[in-house]
Amino acid sequence: MSFRALLFSSNFPKSPPETISTRTKPNPTRCLIRAPVNSPHGCRLFRLSATEGRRRSSGKVYADVREIADSLRELVKFGDSSNDAVSSEDDLDSAVPWWEQFPKRWVIVILCFSAFLLCNMDRVNMSIAILPMSAEFNWNPATVGLIQSSFFWGYLLTQIAGGIWADTVGGKTVLGFGVVWWSIATALTPVAAKLGLPFLLVVRAFMGIGEGVAMPAMNNILSKWVPVAERSRSLALVYSGMYLGSVTGLAFSPFLIHQFGWPSVFYSFGSLGTVWFALWLNKAYSSPIEDPELLPQEKKLIVTNCISKQPVKTIPWKLILSKPPVWALIVSHFCHNWGTFILLTWMPTYYHQVLKFNLTDSGLICVLPWLTMAFSANLGGWIADTLVSKGLSVTTVRKIMQSIGFLGPAFFLTQLSHVNSPAMAVLCMACSQGTDAFSQSGLYSNHQDIAPRYSGVLLGLSNTAGVLAGVFGTAATGYILQHGSWDNVFEVSVGLYLVGTVVWNLFSTGEKILD
C-alpha cells in the first residue's frame, strides 16, 4: 500500500500501541516523504524520524508521528494525486550534477590514459626532431643511433624498481613522479643538446627513468580501483593512450618544427605534464579506501570486486619466481615484444626499401598501425570483459585473447611474401598490428589476475624481458638484413610468436596464485 493510501485509510492507527518494549537498543527509523503541493516552490520534501528510546514513553513517540501525519494530510489534499508520495533517500541523487556521479574509478582510468598519451608523445618526438637536430649538430648515423638508444638505458633501470616502489608506497606517488620527471627531461632536451652530446645522452637516459616507472605504477593503481569484470576494458583504454600518443606526436611534431623550430617540440610537449600533474594531485588516490569523496555505492562495488588491498611491505621474490605462470608471463612478454618492436622500429625502412614509399608524403602510412592498434585494443577489451561477464573463466579468456595476439600477427606476417601490391602489404602490416593489440586483454591484464598485490613488480619483471627483446630484436634485424632478407626477419618473429603461444597456453592462468 502506498503512503498516500495509508495516510488517508482507516487502517492508519488512531491510538498508540498498548505495549512497546523498552529493553531493545535505540532503533532509529527515517524516511523521506515527497508531497506535491500547489505552491510556487513545487514539490516539498519532509524528513520523518522516530526513535524508540530505552525508557522513553511510547505515547510521546506516537504523538509526534500522529502530529506530523495530520499535517501531511492537509498538504497532500492540495497536491496532485497522480504522484507517488514516498521516495527513498536515493531521490536526492538526482540533485547531484552528472559529472559528480561519473564513476571515480573511470576518472582514474582516464587520467592514466592521459599519462600514457603524454608518455608516447614525449617519446616519439625525438624520432622526428632528430632530423633537423642531426643537420644542425653534424651528427653521423652512429651518433644518431646512440642518442636513440640512450632512452632505454634509463628505461631498463626502473622497470623492476618502479614496480617495487609502486607496490610499497602506492601508485599515485610513483606515476606522478614519473610524469613530472620525464616532462622535465623532455623540456631540458634542447638545452642539453646545445651543451654537448654527453649532456643530451644523460637527459635522454633520465627521461627513460621517468617513463620506466609508468607501466608498473599504472598496473598497481588499477589493480586497486578496477573490478575484475572491467579490467580488460580499462587496461585496453590506458594502453591505447600510448598508441594515440604516437599518432599525436607524429602529427604535431612536423608542424611545430616547421613553424617554430625543433626546440618547440620539446618545450610544448614537456609543459603538458604540469597540467596533467595538477589534475592528478587533485583527483587521484592510490586506492578507493583513501578517497574521501568516493560515493559509498561505488566504494562497495570496488572493495567487494577487487582483491588487491593495502601496499605490501616486503616482496616475496623466491615465491614469485617459483610460480610457472610468472615465467609464462616473462617468456610470453619477450616473444610478444620481439615482433612488436621490430614492426614498429623497422617498418619505415620496410616501407621505403621494399614498398618504395616516400614516407615524407605518406603521413597516413606512418600513423595507420597506431590507429589500428588503438581501435583493436579497445575492441579486444570489450570482448574480453563481455566473455567474463557471461560466465567464461578468466583463465580461458586470457588464453583466447593472447592466442589471437600471437597467432594473428604470425599469420599476417607469413602473407607478406605472397602479396604483389604495396596496398596489400600495408593491409597485412595493419592487420598484424591490429591483432597484436589483443594482447592488452591477454598477458598485459594477467599481472593483476594472478598477483594483484604484486602486479607492479610482476609487470616490471615481464616488461624488462620485453624491453630486452626490443633491444636485441632491433639489433638482430639489422644483422639479418645484412646477410639475408626481410623474409628471414619475419620468420624469426613468427617462430617466437609460436613459442609464446605454446608457453602461454600451457602455463598461464587467470586465477590468483599469490596472496
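Positions of Cβ are set from backbone N, Cα and C atoms, glycine also.
Those TrEMBL annotations? Automatic predictions, nothing curated.
The transmembrane segment annotation in TrEMBL covers 106-126 (among others).
TrEMBL lists 108-512 with the feature domain 'Major facilitator superfamily (MFS) profile'.
According to TrEMBL, the transmembrane segment annotation covers 146-166 (among others).
What TrEMBL lists as transmembrane segment is 173-193 (among others). Residues 112, 115, 118-119, 122, 125-126, 133, 137, 162, 165-166, 199-200, 202-204, 206-207, 209-214, 216-218, 220-221, 262-263, 266-267, 269-274, 276-277, 280-281, 284, 286, 456 of the same chain sit 6 or more residues outside the transmembrane segment (173-193) yet have a Cβ under 8 Å from a Cβ within it.
Summarising the annotation, TrEMBL assigns transmembrane segment to 199-222 (among others).
If one looks beyond the transmembrane segment (234-256) by at least 6 residues along the same chain, the residues whose Cβ comes under 8 Å of a Cβ in the stretch are 105-106, 109-110, 112-125, 128-129, 218, 222, 226, 264-265, 268-269, 363, 366-367, 370-371, 373-374, 377-378, 380-382, 437, 440-441, 444-445. The transmembrane segment feature in TrEMBL is assigned to 234-256 (among others).
As annotated by TrEMBL, transmembrane segment applies to 262-281 (among others).
Among the features that TrEMBL reports, transmembrane segment is placed at 326-347 (among others).
Marked as transmembrane segment by TrEMBL: 367-388 (among others). Taking Cβ pairs closer than 8 Å, the transmembrane segment (367-388) reaches residues 228-237, 239-240, 243-244, 246-247, 250-251, 343-344, 347, 394, 396-398, 400-401, 404, 426, 429-431, 433-438, 440-441, 445 in its own chain, all 6 or more past its ends.
For the transmembrane segment (457-481), the list of distant contacts is 149, 152, 155-156, 159-164, 167, 215-216, 219, 315, 320, 326, 329-342, 345-346, 443, 447, 450-451, 488-489, 492-493: same-chain residues at least six beyond its ends, Cβ to Cβ under 8 Å. What TrEMBL lists as transmembrane segment is 457-481 (among others).
The feature transmembrane segment is assigned by TrEMBL to 488-507 (among others). Same-chain residues lying 6 or more positions outside the transmembrane segment (488-507) and placing a CB less than 8 Å from one of its CB atoms are 324-325, 327-328, 331-332, 334-336, 338-339, 342-343, 346, 399, 402-403, 406-407, 409-410, 413-414, 416-417, 442-443, 473, 476-477, 480-481.
By the count of Cβ pairs under 8 Å, the stretch nearest in packing to the transmembrane segment (146-166) among 106-126, 262-281, 326-347 is 106-126.
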